[in-house]
Amino acid sequence: MTTQPLPVTPPLDGSGGAPAGARPLEASIHRDIARSNYADYLRLDVLLAAQQPVSDHHDEMLFIVQHQTTELWIKLVVHELRSAMALIARDELSPALKRLARVKHIQRQMTDQWSVLATLTPTEYAQFRDQLGQASGFQSAQYRLLEFLLGNKNAAMIPVFAHDPAATATLSAALAAPSLYEEFLLYLHRRGYAVPAVLLDRDRSTPHLRDEALVAMFVGIYEQPESQWEVYEACEELVDIEDTFQTWRFRHLKTVERIIGFKRGTGGSSGASFLAKALELTFFPELWAVRTEIGRPR
């Protein structure tokens, strides 16, 4: 009769009953967490149940998580921008700069994650793309709000959200309110800078267009940064935000081209061609024009 060897119990290291080589559970770590715990605080039951693929394709989960995490990052960007705008409106520029700096780092995170979606091949995506129906990132109310806050105002975009009264109301309010750039210009006006009057009392629902007098004002700031460093730094933070935003747009475009080429978008757009046009848009045109003007004889 052959006897089976008994299982070997790993030797203990004498610290909290952990096997040798394992990290012991510290005595101070809470074990009774029924009242307050990580999963409840983060609503993980809701968050992790939100991924509901409509096909049985393995890679649809990647597609869903990519877009859901982008929506979470956009929510945070909107949160930070609104806070920065409120601070600027109260003439509290210094703390607003911290918010703006955070925004550009969030944008970099959003840009980096395009490389994850880019692992989805055209063949793989084609196997479940038809299951998406008319759903498209173009229909993201949060993204449209972000564009409005940064100054890319376009009332024609709002009817896309006619099915969602709350989103329509939010976007309509943002369309009529000052953008981040406009709040900054109002701040500069209150500080005595020569912001053209036509920019202070204008239709906020339309995009800001380049103003040569405003370019000249910013040239003055850039040529003497030491005496107005905080304002100068704010200008550069805005440039950082637009720079990182455009980088995100570009990676979006190239990822779309890589996966679906030049097919039409699921939402009815021209796809990559539509995205390419967005690269021509600018939020803060005078801050870019300054680069050309600095050092020119006048």
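We number each residue from 1, going along the chain as drawn.
Glycine too: its Cβ is placed from the backbone N, Cα and C atoms.
TrEMBL lists F63, I64, V65, Q66, H67, Y125, R129 as binding substrate, and of T244, T247, T266 the one it places in that same site is T266. Counting other Cβ atoms within 10 Å of each Cβ, the lowest count among the binding-site residues H67, R129, H252 belongs to H67.
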